[in-house]
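Features as listed in TrEMBL:
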{"type": "ACT_SITE", "residues": "B:60", "note": "active site, charge relay system"}
{"type": "ACT_SITE", "residues": "B:135", "note": "active site, charge relay system"}
{"type": "ACT_SITE", "residues": "B:159", "note": "active site, acyl-ester intermediate"}
{"type": "DOMAIN", "residues": "B:53-432", "note": "domain 'Amidase'"}
């Protein structure tokens with residue numbers, strides 16, 4: 001057992017899939033578009049241009065915040081985060097700092113030692129930057145992404161193992177899709193992860209006096225690998241008696257190691273101050289209520305409900321609540337099944353095993369299979385006769401007392417009818433005829 | 001004939017055009033001819049548009065005009081062709097106004113004398129060796145010299161009112177949020193307002209009606225535009241309560257200017273107004289608060305001038321721009337923010353409250369715009385602090401976001417003096433009404449500078 005334990009927090013950025021950008025009317029659907037075609041004076045940061053708030057984005061941020069159990073601040077503010085980078089058109093990013101839109105939420109995650117509550121510090125609204133491409137010694141800038149709405153979700157340093165981190169990130173991704181606020185595609189950069197990692201001696205209560213920020217990690221797998229590497233690196237450094245300091249590190253996937261990007265001395269002073277171009281954001285209680293009520297049932301709630309309401313196993317419930325579409329398909333099938341006398345567990349099994357297209361009427365399919373049996377006893381009898389005459393060896397074994405071969409005869413009946421017979425009933429009839 | 005056309009006020013011009021006394025072509029021809037003659041002496045225009053089919057207005061060169069170079073008085077933007085019009089320009093164009101030219105200014109509107117322009121100082125039409133005030137130097141000088149029917153300026157700490165005062169014309173800084181800032185190149189976003197510089201108070205009222213109103217491009221712009229209503233005061237000011245802040249009549253106020261201002265206030269009293277002494281106790285902190293908040297916002301607003309997407313590199317910033325970028329960067333830095341920016345923001349609230357309390361006792365507040373008349377070119381350039389203090393009477397209203405009007409009220413040492421009339425937030429109506437009654441009952445606004453007779457200092461004073 002190690003003498004050290006990791007202390008970790010996560011910052012997740014997610015691009016919202018609003019029609020237009022955060023502060024202008026340009027289309028925010030930029031992926032794969034010709035560079036610099038989704039731009040205007042505002043997102044290019046031209047002299048004289050001003051930001052104008054996209055209310056749909058604010059709504060998206062509130063949906064996320066509320067789903068994470070955050071409180072939506074009655075009054076919040078945008079601030080300017082000042083730094084120079086060629087992809088940052090205005091020389092500052094409009095973000096939130098001292099007065100975020102959503103504060104103090106939590107999420108339950110599962111790690112190596114079971115369930116754990118992770119406190120969410122905030123979910124705030126900001127804007128994306130342009131994108132740089134370094135090609136043959138020159139750097140090109142595409143401002144199509146500049147000003148696309150971005151929500152940043154920051155946790156408290158509550159993670160203690162990488163399984164929790166992975167579960168948290170996965171659950172967030174699922175949440176964004178459920179809420180319909182983002183495609184949350186890691187590869188496309190819709191969702192980006194940053195982890196703050198430090199380690200402390202087991203038993204120590206205070207937070208370590210430093211933290212290492214891991215940036216620019218574009219897959220769950222790389223993130224877990226990077227964090228594990230980093231924990232190991234830090235423990236080894238501390239054991240050698242080294243003093244660790246604040247720094248930003250990246251992940252080199254080829255070498256499977258983290259590398260220094262920026263040390264404490266090079267850290268930016270962002271000179272945050274209230275964005276004078278924008279008024280305070282005031283959100284009324286009725287607005288919050290409206291968003292709360294329009295929110296879909298969350299995946300983890302659905303999962304437990306599927307177990308209690310439909311008697312599904314935990315694993316089946318998890319699979320069927322994986323996506324909102326899947327869950328809706330399942331529940332509408334259950335609804336159909338209610339009228340046709342087809343149970344939820346039958347439906348769950350069918351969906352999970354057969355993986356039908358969502359256009360398929362699952363309950364009717366199951367019903368049709370049932371109908372072949374119940375509706376025509378004579379037909380079933382004929383099928384049984386055929387099976388008996390076609391499988392003399394099995395019949396003989398059965399008659400000699402090897403009653404288990406009845407299963408093989410039932411199977412033959414199933415094959416013959418394409419599964420449209422009720423195994424129990426066929427068995428009964430077969431037993432009657434052979435008895 | 002031509003000279004007579006250019007002497008008309010905007011309202012007078014509109015009436016004459018209505019009556020077909022002359023055509024728009026003749027109007028433009030008259031102004032263009034006068035610009036050609038006088039601009040070399042005054043350096044008011046940075047570029048002139050040879051259009052002929054609108055009512056010619058001069059636009060401060062910090063307000064973006066589509067496909068017309070907009071420099072903000074800076075070398076950095078010497079070739080900047082905006083791909084869009086500022087909202088105020090769009091609004092004027094839709095009223096049949098045309099841009100006759102872009103006017104000179106202190107670089108990025110930072111200055112009180114016009115001398116910070118990268119394109120040489122503008123001269124005061126009353127005396128070519130004097131500054132016209134700033135930063136809307138060219139706009140005020142162009143109106144004073146009858147080179148346009150009216151002009152647009154911008155006011156952050158006094159940049160409309162002070163040059164209007166020093167050039168003997170009317171200047172209105174609207175309430176913050178009354179007029180869209182979209183397309184006006186930002187200096188300090190929480191303070192900047194676009195407003196008219198005109199030949200009469202009625203003109204200013206007309207222009208404000210045109211340029212105000214909601215804009216889906218400026219989140220701080222209010223929904224209600226300014227509309228011209230029946231005037232409360234017609235030929236007298238009976239029932240008006242005029243506040244006179246004692247803090248605006250103390251140390252630093254030139255005795256000649258003070259005499260003119262006190263006479264103007266006496267005139268208001270003669271017209272029926274009740275004069276009440278009020279106090280704005282935090283006035284003494286206003287300049288300090290302004291230089292922290294303004295420069296902080298400047299340091300951020302000028303960050304986009306990185307030479308990547310437009311304009312030249314940062315080495316082309318002038319000295320004053322660099323000074324303010326450094327001041328502001330310092331005031332926002334970790335460890336200093338609380339002592340500077342945050343504290344200044346708190347004192348700003350106190351200054352706002354000063355006005356709210358004073359306006360419980362009065363309808364308007366009056367005082368000087370500038371502590372002195374126009375000074376000599378070069379006189380204050382070596383001492384930025386002295387220059388900053390020349391805005392001590394205009395800055396408080398900017399911090400409070402309330403409207404302010406400068407109306408010509410007399411002369412001291414042969415140079416114009418402006419009376420400042422401050423109003424409640426969004427109450428431009430009253431200050432314009434008071435200004436107009438004053439104007440109609442006095443004569444000083446009828447005096448015009450004799451530029452043709454003045455001997456210039458020669459050249460454009462390019463640095």
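The backbone N, Cα and C atoms fix where each Cβ goes, glycine too.
The secondary structure of residue B:60 (active site, charge relay system), as reduced to three states from DSSP, is extended strand. Geometry remark: residue B:60 (active site, charge relay system) versus residue B:135 (active site, charge relay system), CA distance 9 Å. Using a 10 Å Cβ-Cβ cutoff, residue B:135 (active site, charge relay system) registers 35 neighbours. Summary for the active-site residues B:60, B:159: the Cβ-based neighbour count within 10 Å is maximal at B:159. Cα spacing between residue B:135 (active site, charge relay system) and the residue listed as 'active site, acyl-ester intermediate': 5 Å, rounded to the nearest whole number.
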